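One structure is given here, and the rest of the page talks about it.
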């Protein structure tokens, strides 16, 4: 009982540490909101954009309100992620696949914003980068199986992702012993003479080196071959959803690598050249190397490496498997010389007599029985590709500031290539350290000319103001404003402002059709629960950031409060309380299970509904209810639209028994008990050995042996002997000759 109280206090303290989170989605996502915009309308817009001829119709607009702010997304089909020769391969055919459901864009009028995702069946899924951080949008049924929900999608902020970054010995990456085995294996590759690039011969010395740098200046794109196994397809369900997940991962790492300066090598990008999708129909296909359900992470990487990937910069396999020790990914580490592996590596013979391509890696989206949030998977992908690019794990005080005793450095966190997974919310978590940059720069200088290709530059005429452009109103038959030169103009003029014009409406909502900045009093953004309306400042076309409303302003229909401009805090915090969960085990009425409940800090015994007499001085008897779809009754059910807690037991008793037996927490508790009571384990071990020795000693003298030199076995004392009843004496009969008996028997 004491242990139970301590556990409750610890859980309450953990809730207090993240007190602003009041609507958890699962054990990794502490707060979310539902989205219920019109999917039919968005689907129709997508169909129009897909076959659009006019410039205006090529854009897909999506407006919704969530987390105390307004999202006005303006997106266009993303063609930068797929090469001109892009193919999708299935078990029986190769397709020229339509990727028109993949979009990229921004929040209209918000400088520095960015969005990427897909539109499938009228629903947007992807991520949205804003000034206040990144939001992730996913289908609701991926987390909540109740189909009567009043919303179809969920949206959550990156700060609400609570990923336990100490899982596994290396927190998502294989341990040192695995990498050491891989390193030794990489050293055994047999180099073919024809594979040595001509420019590596130093016959012409510095002159050749200068020429190499010049010719490779635009070769900055790594082309990918990505396969997905049948388990990955089974989780996401459709071919479109699988391709959307791949594009989301590639876009995420593309953003990280493009913004990193690798010692003068800039704008490193990624492009998908080919995708192989193994569907559930390939689960028993003997030609599918990934068909077996129980494959270790090293073997899984080896199966990928046994294929020939000479046509690609890197080749990855995405899966939905729960690998041992919490491993989320594994990849071969590249090197500038001396060993095989990493980017641009060609298939060659190794010490085990097999030809392999070591420009490979693998990624899984499952960890300890649960699916990780997209952000965690994106960072894992960036980490493993970092290995391919030549970076080992960060080490030393310079490159592991998160381990520093200096609080200022520690606050910034560790970098991408840190040995253990990072929480993702620190300044350095999405950056490469100086150690990684030095290592990657050496590999890029040596190898990128072997397989990298030229990337597409910003496109004048796509309606988006990109780097090097002043404005972008489209081509001559599309451009409707008088402020910007269209894309049909000669170089030096196209996508530039016309003389004497201050701005173009393509730059943002604070520019008039007369090419002048709007006055300071004009509104460019509606106010939201937690932010005031946006007002033009009179000297830029972009809509300035809105001022946040005071902290603890009610938002989200008075169920939450504003914190620093975000609708993220619980209404309980407004009165110095903490949010708690009303559970039936505490004697709460069934009607209270879907109420917002509050308690005094660190005192779970005071947990009560906002409509209770206990908190009437704060809420005046007003009952605040949870949103439909919110977890209730201590995560044993979900609130329906009638504010009733519907219990969910989708797994059944057998699945619960399996989870109880194979739960990692069970074995962690056993391991902790063994460490704490090692002496008891030692005594039990000695007792077991003595018991076995005594058993063998006692029973060995009664055990018969075929060895004639050993004494005969002793009879067991007190053994009961069975008495046979007397048999009648029979007269002996004359036996037939053996030969006739055998022949007669054979004839029968």
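All residue numbers here begin at 1 and follow the chain in the order shown.
Yeah, the Cβs are placed from backbone N, Cα and C, and that goes for glycine too.
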Checklist outcome for this item: Range annotated region 'Interaction with AP2A1, AP2A2 and AP2M1' in Swiss-Prot (choices 689-703, 734-748) is 734-748
Item to check | Site-mate of 173, 383, 387 for Zn(2+) in Swiss-Prot, selected among 371, 393 | outcome: 393
Item to check | Candidate annotated as phosphothreonine in Swiss-Prot, where the set is 553, 625, 719 | outcome: 719
Item to check | For the domain 'Disintegrin' (457-551), the number of residues DSSP places in helix, strand and coil | outcome: 3 helix, 11 strand, 81 coil
Checklist entry - So how many other Cβ atoms are close to residue 562 (disulfide bond), meaning within 10 Å of its Cβ? => result 24
Checklist outcome for this item: Check: min Cα-Cα distance from residue 484 (disulfide bond) over binding-site residues 173, 383, 387, 393 goes to 383
Next on the checklist: Just to verify a number: CA distance, residue 607 (disulfide bond) to residue 387 (Zn(2+) binding site), in angstrom, no decimals.
Outcome noted: 49
Checklist entry - Going by C-alpha distance, which of the binding-site residues 173, 387, 393 is nearest to residue 399 (disulfide bond)? => result 393
Checklist entry - Using Cα coordinates, what distance in whole Å links residue 598 (disulfide bond) and residue 393 (Zn(2+) binding site)? => result 44
